[in-house]
Amino acid sequence: MGVDMGELRGAHVPVLLERCLELLAPALGRAGRTVYVDATLGLGGHAEAVLATHPQTMLVGLDRDTEALAHARVRLARFADRVHLEHAVYDELPDVLDRLGHPVVDGILFDLGVSSLQLDAPDRGFAYAQDAPLDMRMDQTRGLTAEEVVNTYPHPDLARVLRVYGEEKFAPRIASAIVRERERDPITSSARLAELVRQTIPAPARRTGGHPAKRTFQALRIEVNRELAALETALPAALDRLTIEGRLVVLSYHSLEDRLTKVALADRVRSKGPVDLPVELPGTGPTFRLLSRGAELPGEAEVAMNPRAASVRLRAAERLDPTAEQRRRTDRERYRRRVRAMHQPGTGSAVRRPTPGDDGTGTDEEGEGHDS
């Protein structure tokens with residue numbers, strides 16, 4: 001079922017909305033009440049579309065940003081009897097679900113990274129294109145600010161943050177420039193930091209790869225909000241909470257997020273049993289199957305409609321019925337072994353020739369017809 005974007009309220013355009021709805025539909029469209037978790041609610045665009053599409057679905061929405069929660073609450077007011085919003089980070093998901101009495105859920109969405117609200121807010125410090133205090137906290141009620149990181153981290157720690165979280169090859173040079181500059185005067189604004197980074201990076205590198213400060217700002221944001229540490233905890237916990245045939249969809253916006261997602265899913269889709277056994281041992285088979293071939297990328301139309309979708313990578317998976325999957329894998333393995341045995345030297349041809357007096361119409365003990 002498609003969603004008319006004109007019917008969705010507000011100017012915010014959810015990323016890959018139709019694809020997310022398509023992937024979640026089999027899990028959320030089942031008979032009876034279903035539970036959908038939006039682990040990164042933001043402005044509520046994906047949640048609004050899910051609730052409009054699935055009248056029996058209950059929403060549990062999490063966000064660490066109190067301002068985003070306030071906007072989403074207004075946006076989702078017409079679904080109020082099916083909505084429960086929580087001020088929480090996604091690695092707190094198990095605690096939230098336990099408190100609400102949901103041991104398992106049917107669908108979960110992670111739309112990672114910084115939200116449109118945070119990018120567009122002139123006073124939050126996320127954007128290098130406008131001057132603002134160096135805050136960068138998604139939850140402005142707690143935690144270190146980017147200003148504190150920039151002005152207090154020793155050089156080795158600052159360089160590590162820029163190298164690991166920003167994948168910035170000039171990390172040591174930028175860290176040195178920051179340390180020198182802050183000794184003269186604390187760095188308190190996004191514009192000053194962005195200009196310092198621009199001046200520090202060699203001129204040829206400035207002309208490629210977008211804004212020179214992009215990777216530095218990404219690294220600081222990830223450090224301030226503990227994004228990767230939280231995601232590393234949250235993804236396995238979310239997978240554990242899905243019911244059989246429940247589905248997880250993850251939208252990531254840089255390689256570090258996508259890498260963590262890929263690893264978390266890969267761990268669940270492979271067999272953990274001995275490779276040389278003819279049958280799958282109980283408890284060793286895959287517990288999920290992938291719904292996407294690698295990371296799905298946005299199409300040209302999506303990017304034209306929503307430029308912020310340009311860097312998105314989508315991965316999705318579905319929880320398997322362990323009994324049914326074990327039976328299918330055992331049947332497939334038995335079939336493969338029989339085929340291999342038929343072609344082993346000394347076992348004869350895979351095609352059985354009729355013997356004298358055999359009209360070729362009988363069946364063997366396995367119930368398979370003879371070939372004439």
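Cβ coordinates are placed from backbone N, Cα and C, and glycine is handled just like the others.
Record features (Swiss-Prot):
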BINDING   G44, G45, H46, D63, L97, D111, Q118  S-adenosyl-L-methionine binding site
COMPBIAS  315-334  compositional bias 'Basic and acidic residues'
COMPBIAS  361-372  compositional bias 'Acidic residues'
REGION    315-372  region 'Disordered'
Is D111 (S-adenosyl-L-methionine binding site) helix, strand or coil when read with DSSP?
strand
Taking every protein chain in this structure into account, which of the binding-site residues G44, H46, D111, Q118 has the most other Cβ atoms within 10 Å of its Cβ?
G44
Neighbour count (Cβ, 10 Å) for L97 (S-adenosyl-L-methionine binding site):
21
Does DSSP give H46 (S-adenosyl-L-methionine binding site) helix, strand or coil?
helix
DSSP state at Q118 (S-adenosyl-L-methionine binding site), helix/strand/coil:
helix
Taking DSSP as the reference, which of helix, strand or coil describes D63 (S-adenosyl-L-methionine binding site)?
strand
Between G45, D63, which of the binding-site residues has its C-beta surrounded by the fewest other C-beta atoms within 10 Å?
G45
Considering all pairs of residues in G44, G45, H46, D63, L97, D111, Q118, annotated in the record as contacting S-adenosyl-L-methionine, what is the maximal C-alpha distance expressed in whole angstrom?
26
Per DSSP, three-state class assigned to L97 (S-adenosyl-L-methionine binding site):
helix
